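Swiss-Prot has this to say about the protein:
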TOPO_DOM  26-113  topological domain 'Extracellular'
TOPO_DOM  135-493  topological domain 'Cytoplasmic'
DOMAIN    165-194  domain 'GS'
DOMAIN    195-485  domain 'Protein kinase'
BINDING   V201, G202, K203, G204, R205, F206, G207, E208, V209, K222  ATP binding site
Amino acid sequence: MTPARRSALSLALLLVALASDLAAGLKCVCLLCDSSNFTCQTEGACWASVMLTNGKEQVSKSCVSLPELNAQVFCHSSNNVTKTECCFTDFCNNITQHLPTASPDAPRLGPTELTVVITVPVCLLSIAAMLTIWACQDRQCTYRKTKRHNVEEPLAEYSLVNAGKTLKDLIYDATASGSGSGPPLLVQRTIARTIVLQEIVGKGRFGEVWHGRWCGEDVAVKIFSSRDERSWFREAEIYQTVMLRHENILGFIAADNKDNGTWTQLWLVSEYHEQGSLYDYLNRNIVTVAGMVKLALSIASGLAHLHMEIVGTQGKPAIAHRDIKSKNILVKKCDTCAIADLGLAVKHDSIMNTIDIPQNPKVGTKRYMAPEMLDDTMNVNIFESFKRADIYSVGLVYWEIARRCSVGGLVEEYQLPYYDMVPSDPSIEEMRKVVCDQKLRPNLPNQWQSCEALRVMGRIMRECWYANGAARLTALRVKKTISQLCVKEDCKA
């Protein structure tokens, strides 16, 4: 063989060997290929990886195909979790790998440090929340005060407080102006909203009575609940009747509604009489003959004014009380009386001949009801019927007073009318049986006959208690009779 042919043959064999190697591809270590002597071939790359699994390093070695290599997924490492390498020579992945050493762990927190770490942020957040709520409430209060100031400031300027007037001055101004009813409505609102309540002095079916202070003066505040708005409105309306004001009728000062944020209170402000009701007064005190006459005359005077119609442009309609009893009569400092609680009162319009009866389901006190009311024979279309019923009740109040009158050192203990005939809270039926069927009346003790004043008072009582209402005395007649008695007893009512 010539040298030239021998060279050509060698070149051909070399090319065949190279082609064979290229066809075989890249050889790599494969830990999962135990059937092929832990070797694999690929057109892509050799792959070696170490991964942290359950706290231990796990080594993987294999081949990566060309599509997988192009996806650029297998050849990326993750800090402290995996370390991956790709290479492109035979068995280049036959290497030893380790994950990078992690930085030393931060010191663990103990119970105390952990408590501090949790508690401090919580406390700071709580304080921030409370400060935020407080700031919002303060802003709201400031807004309300500003709003209230803007609403009420004209009233204060209009009124009274700055003028230095007393309640007596205001009442006198209202009387002198010709109305004789009460201060103007703007003045009433100003007074009511500047009263400071002191203490509760009584409770009733309507609500509560409080002792209050206004500009250093004592006032009484009758507080109705919103469900008794009809009673509050009616009583305020009656008290503001033209020419009603009288020394023996409770002095009306103001009526207003007050919203305390939760519910609405209805206020009726009047003069304050520290001795309380006649009921309380008689329970605590014994009265002299002159004292008895003064009390009786003041009641008759107040009732006569209430019953009387005053004709004229500034006239007053006739009014019947409908709930006369010792608890609805107050005792003043001078030991005279003032009739109060006009919530059930009725007015008579003589021109139209109509009776203004309140739309109120409540009736008077059963113990003090006249016979015609108990047996339902009262003619409610005639106004005189209501006045006659008042007279019957006044006769019972006089009996309560007379029992506490001391004559010759003898005095009866205080009792309510019919105390020995009916229970403490009698029903209509029980009162009807005693008053209408048996025609009984409170007992007049024999010792009253030894005192002229008590004899006269006893006669007045009997004439107030007639079963026939038309036969009873009028309030004016009672007043005149007791006035004569007052002269004899040298008392000044």
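Glycine is treated like the rest: Cβ placed from N, Cα and C.
In this model, the domain 'Protein kinase' (195-485) carries an average pLDDT of 92. Residue annotation for ATP gives V201, G202, K203, G204, R205, F206, G207, E208, V209, K222. The furthest Cα pair among them is separated by 14 Å. Within its own chain, V209 (ATP binding site) has I200, V201, G202, K203, A220, V221, K222, I223 as residues 6 or more apart in sequence whose C-beta sits under 8 angstroms from its own.
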